[in-house]
Amino acid sequence: MGYGWGIFEGMLVIGSLCLLGSAGLWFLNRRLYKEYEEKRALVQIIFSVVFAFSCNLLQLVLFEIIPVLSREARMVNWKVDLFCLIVLLVFMLPYYHCYLMLRNTGVRRERAAVGALLFLTAFLYAFWRMGIHFPMPSDKGFFSMPQLVSRIGVIGVTLMAVLSGFGAVNLPYSYISLFIREIEESEIKSLERQLMQSMETCIAKKKKILLCQVEVERSLVSEEHQKGKSFFRRFVGTVVRSVQDDQKEQDIKLMEAEVEGLEELSKQLFLEIYELRQAKDAAAFSRTWKGHVQNFLGYACSIYCVYKMLKSLQSVVFKEAGTKDPVTMMISIFLQFFDIGVDAALLSQYISLLFIGMLIVISVRGFLTNLMKFFFAVSRVGSGSSSNVVLFLSEIMGMYFLSSILLIRKSLRNEYRGIITDVLGGDIQFDFYHRWFDAIFVASAFLSLLLLSAHYTSRQIDKHPID
């Protein structure tokens, strides 16, 4: 019976990893890549594997609350998952990312491999030096699990705090109808006319460039036919044609520069029209019943975000440990005043399960949303390979989800923390990561507040920056 149950647990773990890997592959190809030209098989495999191991960490947190697997199976799953994820994040991804970048620049395989190895050595040295400035587990080797997890946690928690701080300000700004500007159709039509005029001018310039290039080619052909004429005529013809060709080449370069400027202007106009269309749709949506509900949720989120910012600021200034989540605290107060005949400990356990589940879902959804925004922004601005961007995002994704375990652990009841503490390392300074998160969160939130305030003010003063 025990042997059969062990096989069942192993198949369940492998099946869940395969399912998560397939979901990561689907997300990469359907939501990130879309129409991008380069789809390296190894890059897709690495992304899906990192996605599977990262989401499996959050799945294991739920398994601690809902005993789907035995304690031994969960312990093995935790250790294998952390080991594989750390090997990918600290060793494989930095090496292969550097190797691929060197290969894309035309470096030969042997030199690219040596260059990637040197980069990995420098990366490991910088990774080790980072531990000097932060509290790390004592009496442990650099390549031990607690040391590596602690260093990854610093980077990942910083990333989470920056995203959370921006989200705490941007979420109310996006949801509350107070910040939604009414857009007139005439404003959009005016920009569309400018866009059409810019595109028509760009097309006309490109036609002129082609005609000039054809004339230059014709002059070269006519020069070949002039070889049979006298030396004086050939000399005069060559001088005249060289002057004309130089003038035409200068005209071509000038028109090409104008075309680049027009294309950039067209791109900015298109983005402005797209943003205005979105703002117009948002204004129309805000007048529906769903919009009113979203507006109410926006105010509720604003209150919670202000509460979170104040509590984080209190934690940073007075160095106080974080208190209970406000939702759990309100339910505890409710149970004290109203006896509904439910065991408080049992209800607290279910609330804990629901709260952790919501944390996990919001964490995954929020990260994937920011992942898509970052990918599209980098792919639109830069000319680098999309594979390099995906490898970079794989590194960030693994660090993000691993660090989320360090923070979620504090929200668990004491009986659910045992395995997580043992696997990550009992001497990891868990409280430090919460204080570090609060400090970066406050800085990110206030900086985002200043930027969004400046953006809102400038938008009110000047409605059309590209007119």
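In case you wondered, yes, glycine gets a Cβ from its N, Cα and C as well.
Remember, it's a predicted structure, so these values are computed and weren't measured experimentally.
For 7-27 (among others), the entry in Swiss-Prot reads transmembrane segment, with the evidence type sequence analysis. Through the fold, the transmembrane segment (7-27) approaches residues 44, 47-53, 55-56, 59, 68-70, 73, 77, 368 of its own chain, all at least 6 residues removed from its boundaries and within a Cβ separation under 8 Å.
Remote same-chain partners of the transmembrane segment (45-65), defined as residues 6 or more beyond its termini with a Cβ less than 8 Å from a stretch Cβ, comprise 16-18, 20-25, 27-28, 74, 77-78, 81-82, 84-85, 88-89, 92-93, 96, 349, 352-353, 356-357, 360, 363-364, 390-391, 393-394, 397-398, 400-402, 404-405, 408, 412, 416, 419-420. Annotated transmembrane segment per Swiss-Prot: 45-65 (among others), in sequence order.
The transmembrane segment feature in Swiss-Prot is assigned to 82-102 (among others); the stated evidence is sequence analysis. Below 8 angstroms of C-beta separation, residues 42-43, 46, 49-50, 53-54, 57, 111-113, 115-117, 119-120, 123-124, 127, 145, 148-149, 152, 385, 387-388, 391-392, 394-395, 398-399, 402, 423-424 of the same chain, each at least six residues beyond the ends of the transmembrane segment (82-102), sit close to that stretch.
Counting same-chain residues at least six beyond the ends of the transmembrane segment (112-132), those with a Cβ under 8 angstroms from any Cβ of the stretch are 90-91, 94-96, 98-99, 102-103, 142, 147, 150-151, 154. The feature transmembrane segment is assigned by Swiss-Prot to 112-132 (among others), with sequence analysis given as support.
Among the features that Swiss-Prot reports, transmembrane segment is placed at 152-172 (among others).
Sequence-remote contacts of a segment are chain residues at least 6 beyond its ends whose Cβ falls under 8 Å from one of its Cβ atoms, and for the coiled coil (243-276) they are 183, 187-188, 191-192, 194-195, 198-199, 201-202, 205-206, 208-209, 212-213, 215-216, 219, 464-466. Summarising the annotation, Swiss-Prot assigns coiled coil to 243-276.
If you look up Swiss-Prot, you'll see 296-318 (among others) marked as transmembrane segment, on the strength of sequence analysis.
Annotation source Swiss-Prot lists transmembrane segment at 322-342 (among others).
Sequence annotations record features per position, and here Swiss-Prot assigns transmembrane segment to 344-364 (among others).
What Swiss-Prot lists as GTP binding site is 381-410. Taking the Cβ of PHE401 (GTP binding site) as centre and 10 Å as the limit, one finds 24 other Cβ atoms among all the protein chains shown.
Marked as transmembrane segment by Swiss-Prot: 388-408 (among others).
Residues or ranges marked as transmembrane segment in Swiss-Prot: 436-456 (among others).
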I'd like to know the mean pLDDT over the coiled coil (243-276).
77
